[in-house]
Amino acid sequence: MSRWIQDGDNVDITNERKKGTFDTERMSAWIHGGPEVLKRRREILSFVKSIDDFKDPVPTEFMSREERILNNARKVVAMTDNTDQIDGSDFFGEGMYYQALTMGRDLHAMSLHYVMFIPTLQGQTDDEQLDEWLTKAISRAVVGTYAQTELGHGTNLSKLETTATYDSATEEFVLNSPTITAAKWWPGGLGKSSNYAVVVAQLYTKGECKGPHPFIVQLRDDETHMPLKGIRLGDIGPKLGINGNDNGFLLFDKVRIPRRALLMRYAKVKPDGTYVAPAHSKLGYGTMVFVRSIMIKDQSTQLAAAATIATRYASVRRQGEISPGKGEVQIIDYQTQQFRVFPQMARAFAFMAAATEIRDLYMTVTEQLTHGNTELLAELHVLSSGLKSIVSWDTAQGIEQCRLACGGHGYSQASGFPEIYGYAVGGCTYEGENLVMLLQVARFLMRAAEGVRKGSAKLADIGAYIGKTGPKTSRLTTHYHYTDADLVADLEHAARKQVFRAYDRLKKAQEHLSPEVAWNSVSVELAKASRWHVRVYLVKNFLNKVALAPQDLKFVLTDVARLYAYDIITSSIGAFLEDGYMSSNQMNEVKEGIYECLAKIRPNAVALVDSWDYDDKELKSVLGRRDGNVYPALLEWAQNSQLNRSDVLPSHTKYLGPMMKDARSKL
């Protein structure tokens, strides 16, 4: 019997699992990187479920903010007390999974300590600084965060207002927040938990500003945990999501720190104030690129969770009749439901495939940087920026579609959707606002287009299509004979056309406008070009990964990959019908391809989402629970409401009761 089928399960979801035409276990192994990786996931899951300190006293939805922060602090100490249970070098895999199982969809006091503080120390300190700080950070003798974003400046790093002015007489930097908008704002764990931070500030020495640089700064007393003199900090208040984390604000009033507080692996300031510039201007991007890289994996798992919930619930929810008198049907049988949910499933698969590639590229670049090789750094920066933007946006939209697909119950926190959405949607703005990221990608595309026009382009594989001469019209005949190569050629045509449309408009604007004003006047077209560029990459990468899949899995994965690509095409019909590249008949064939994919995925839908291997502990959804027994579980969940602790509330005793009594007396 499948591990997903057990006695007492809902009959409908059991039948769905029996319909699957592929081996779910083999698909899980393929998704996660092999049988050994899958085995390790389940060992970690078993360990987490066995530890009482990892359990929540009540569902977190019923906790106050203070209770969540306290509960998360308790769990994160227990979690980091037991890191010997995982491979600490595998943060992308075992580390992220271990944390997700333990902490749920929330951050905690040490989230940025591990994701940004320690990686910054590893990437930006010189050998002496690394020896001084890394052991303290890894042992948890200090708890750090990463303070870059300011109240008035986020993505625009060059305009940060916090200053670090070097005083050669004392060999110290003076940290200062000259305005309210210079307040550091948003760093996780900054409000009440962290006692150290990497602070990004404008470095001034010998009267010159050398731009933003990272400094390690003590914020609170080691013994009392009180803020140090000249430092004002606190919590910024409730947010749309992740409220178990104390995101904070921070201001400096002429705080002195030693010269060696500047992280000096690349840029240096000598005792006399002489500034030594880094060999490459983007060597300091490592931490940001690391975070954007893991974001792709994190976002894809949130969309996959939403698709799992919607698919499982659609299998057990019966409503309405398709054939009169035949009884109510599972809502997954409605084509409109499939059209709403299955493309989100396909997106999640595509994003997971991209996450694997960006992880591998990040590891390669990190290794190269240790030898001073920056050859792939720009490509990684562009790719991670573009993927961060597209994946986070599509994930946010996809989660909402999955919520709507669950009707009224999707609005309840029992569904898991409010927490999933609140957690994931932050990705559209943190680590770079999405439109700003797209415009960074556009600068790369405009340089590529310039090179192609001048005949001097040296394009990496991801941008090679820009220099190609594609077919004049689509080679599509029927969707049954639409090859991967022809499909990619059509997407590349749309992307290439948009790149050069933006380029030509930019060149024309530059004839009578300054470069900055011209860029702004074409920014909508530039962002469109970036979106197409990234989506071409996502489709090509997904198709390539599917082509290498085992034959017994390839047939169902092909349906999923095709649905993803067809959905992109039909969502931008004008880009293909323009100039007669595609005919209306060809576009209708793509639409028919979508309906064909929906029908073929339908019997495999539950098996596909099961393949992501979500345990109920990680999924945290009454609607998406493995056994499908949704309705009894909803009633049980509701009993945890604080309002159910008594039958009569003070609101009735003080206000509503007297009102009704008074009204009755007047009747």
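The backbone N, Cα and C atoms fix where each Cβ goes, glycine too.
The active site, proton acceptor annotation in TrEMBL covers E431. Feature annotation from TrEMBL assigns FAD binding site to T149, G188. According to TrEMBL, the feature domain 'Acyl-coenzyme A oxidase N-terminal' maps to 23-138. The domain 'Acyl-CoA oxidase/dehydrogenase middle' annotation in TrEMBL covers 146-255. Per TrEMBL, domain 'Acyl-CoA oxidase C-alpha1' is recorded for 285-446. The domain 'Acyl-CoA oxidase C-terminal' annotation in TrEMBL covers 486-661.
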Interface-richest range of 23-138, 146-255, 486-661 toward the domain 'Acyl-CoA oxidase C-alpha1' (285-446), CB pairs under 8 Å: 486-661
Rounded distance in angstrom between the Cα atoms of G188 (FAD binding site) and the residue listed as 'active site, proton acceptor': 12
Local Cβ density at the residue listed as 'active site, proton acceptor' - other Cβ atoms counted within 10 Å: 24
The domain 'Acyl-CoA oxidase/dehydrogenase middle' (146-255), counted residue by residue under DSSP: helix, strand, coil: 6 helix, 49 strand, 55 coil
Candidate with sparsest Cβ neighbourhood (10 Å radius) among T149, G188, the listed binding-site residues: T149
Residue pair T149 (FAD binding site), the residue listed as 'active site, proton acceptor' - Cα distance, angstrom, rounded: 9
